[in-house]
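Peer 1: Here you go, one structure.
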């Protein structure tokens, strides 16, 4: 009430006014908002209020339907509506997880499916998905047992873990298939873990650190999500190297016995000419490459080696990639400058919720005025002291002079009390008279009784109201909150400004600093981890560069996909840090571990080894969150959008940008890959059945050592032994013939099908 006038701006919307005596008057209104307050003074009142609200939400839909209103539309909202919507979102996502699990299992099996009935990895794929599911159950069970709160954002974690766990499984399967099928299972497992463990450890460590760094944020929802997801990653890693490793070993035992993948009975390993093609396809298996002992090269790996890798390392292709990256970076930076802050409250509910209609009408009819802010005196003060009342008035005037406040719409019981005292010649300058005459105020203005907390004839606290205007964007909301709090802090009275919406405004203040802090710390930690685990500092810097590049790309393209920067998208930016490492770390580690002699050859070799697993991992992760795109909740759709951007840009960096950029550095450190050369006696045994073996003269060999030293002093042109050394090591892989052994600029050739080795890219065309 203001001078016998009532402020109806928060209750009437779409108002049409008409001039009249004494000012404008309301002629019509399109919307009316009715507010009902419930008592919550003690625990019993709170329980009763909660029951009333739950009963209201349960009955109101049927009541409105029974009324069959034709000319009036009704929308409703309660103080527990958002919480109920969150709980409903969690229930709805359970069905989506079932769909995702089915899709992921199907994709994993199809990816690991082989025509060879012995080399088939179907069971490994199925148990790889199961391993991820066990990680989710274990981590969630542990944290729930420890009392860690489960919030709605945590419901995204199972989709993420499922994709990442399958990614690690693909890496292990890829390394297993590169081992010699003729070796014992123990040796094949050792070789698999030697190759796969480093990549999996790097990616798991970076992911876990990224999520645990996210716990430092101020948002409880982000803390819970990061804690649940980081812990799930640890379980996923443990289960992959133990449970999945055991499954891989059992599958190896089956392969070793040349047993069928489904019925586990022994099958023949040679084609039966008197049998049908279907029989040979389903009941004959165990084929392997005669020279390498492997199960044969996968067509996608062959594509990377013969076509994509050489194409990517051409000079004009590199120039195009550099230009493409420049366009990507420019678009991303421009998008970052246009990024919006804040969350639309409608996005906290599902698309078909009754809450959406309420928010739509509130925005349409009641957006002219901002929140009606409470100004609270939080401690006992001497209200009957005239100087104290002046100080309170000065504070109110400071708040009213703010550009976001309409001073004519303020509401103060103390001002009204002063007017009543002056009009009725009441004495309010002593405690007794001040407290005794309050009843006169409550008789004239009964609504003010709710603004004064009287306890034992003392005013414990009181409140006033100011009306805000022109608050239309998240920036306005953030500025409003900062300015009002600064004024209250500088006031001589113990003031606090409050409105229920301030809980959302608060996130706008800290969201940008928190995001920058988490990304900065995590990027630094990722650099340290990369330096420790990737044996080349320069390539570690490239991995760190990929982190920053992917984060900028995701943040920029969020703008183009209508995703604002809020606590929900902040979670996904934390995810960026871990996932942007994954693909680049795999490729960079393979690059520096390659035994090729030139940077271009190293890049091709890295893509040949891990290009297909990277694609498999990217697709599996996207499939893991694909079902969220169909969710009715903004939270889950946003998670899908940003995860898609993270995976797409991460794979783009891993398969296109990073390989090209690494080739710009001709020397990225000498290979540290182990080559297990056999002793002289083992070599003799290995070559006992070799035909047409030619050796250079002046060969020297130290008995009892694991070295072969061959001097090239026979007067012929020196071959490119570095290339040969990097491509094949026949004595360490039990090659029989058709190979090339070399060491220290000397070469041992033993002939048969040399052309085949040239065709397979295992020998330099310059090799004699």
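Note: Cβ is positioned from N, Cα and C throughout, glycine not excepted.
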Peer 1: When you get a sec, could you say which of 642-665, 666-689, 690-713 is annotated transmembrane segment by TrEMBL?
Peer 2: 642-665
Peer 1: To which of the residue ranges 479-500, 567-588, 721-742 does TrEMBL assign the term transmembrane segment?
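Peer 2: It is 567-588 that TrEMBL annotates as transmembrane segment.
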Peer 1: In TrEMBL, which of 17-36, 37-56, 57-76, 157-176 is tagged transmembrane segment?
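Peer 2: Checking TrEMBL against the ranges 17-36, 37-56, 57-76, 157-176, the transmembrane segment one is 157-176.
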Peer 1: So which range, 516-534, 744-762, gets flagged transmembrane segment in TrEMBL?
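Peer 2: Among 516-534, 744-762, the range TrEMBL annotates as transmembrane segment is 516-534.
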Peer 1: Over the domain 'SSD' (93-250), what does the predicted model average in pLDDT?
Peer 2: 87
Peer 1: Have the transmembrane segment (567-588) and the transmembrane segment (227-250) got at least three CB pairs under 8 Å, pairs 6 or more apart in sequence?
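Peer 2: Judged by the Cβ rule, the two regions do not touch, with the required three close pairs absent.
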Peer 1: Could you name the stretch, out of 93-115, 196-215, 227-250, 516-534, 642-665, with the greatest number of CB pairs under 8 A to the transmembrane segment (315-334)?
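Peer 2: Between the candidates 93-115, 196-215, 227-250, 516-534, 642-665, the best contact partner of the transmembrane segment (315-334) is 642-665.
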Peer 1: Taking contact to mean 3 or more CB pairs closer than 8 A (sequence separation of 6 or more), are the transmembrane segment (227-250) and the transmembrane segment (157-176) in contact?
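Peer 2: Yes, the transmembrane segment (227-250) and the transmembrane segment (157-176) are in contact.
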Peer 1: Have the transmembrane segment (157-176) and the transmembrane segment (541-561) got at least three CB pairs under 8 Å, pairs 6 or more apart in sequence?
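Peer 2: Touching, no - the transmembrane segment (157-176) and the transmembrane segment (541-561) miss the threshold of 3 or more Cβ pairs under 8 Å.
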Peer 1: Take the transmembrane segment (541-561) and find every residue of the same chain, 6 or more past its ends, with a Cβ under 8 Å from one of its Cβ atoms.
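Peer 2: Long-range Cβ neighbours of the transmembrane segment (541-561): 328-329, 331-336, 338-340, 519, 523, 526-527, 530, 534, 569, 572-573, 576-577, 579-581, 583-585, 588, 641-642, 645-646, 649-650, 653-654, 657-658, 661-662.
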Peer 1: At a C-beta cut-off of under 8 Å, are there same-chain residues at least 6 beyond the transmembrane segment (122-151) that contact it? List them, or none.
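Peer 2: The answer is 86, 101, 104-105, 108-109, 111-113, 157-158, 161-162, 164-166, 169, 173, 220-221, 224-225, 227-228, 231-236, 238-240, 243-244, 247-248, 251, 261-262.
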Peer 1: Do any residues, 6 or more residues outside the transmembrane segment (196-215), come within under 8 Å Cβ-to-Cβ of it, and if so which ones?
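Peer 2: For the transmembrane segment (196-215), the sequence-distant neighbours (Cβ-Cβ under 8 Å, at least 6 residues beyond its ends) are 164, 167-168, 171-172, 174-175, 222-223, 225-227, 229-230, 233-234, 236-237, 240-241, 518, 521-522, 525-526, 529-530, 533-534, 571, 574-575, 577-579, 581-582, 585-586, 589-590, 610.
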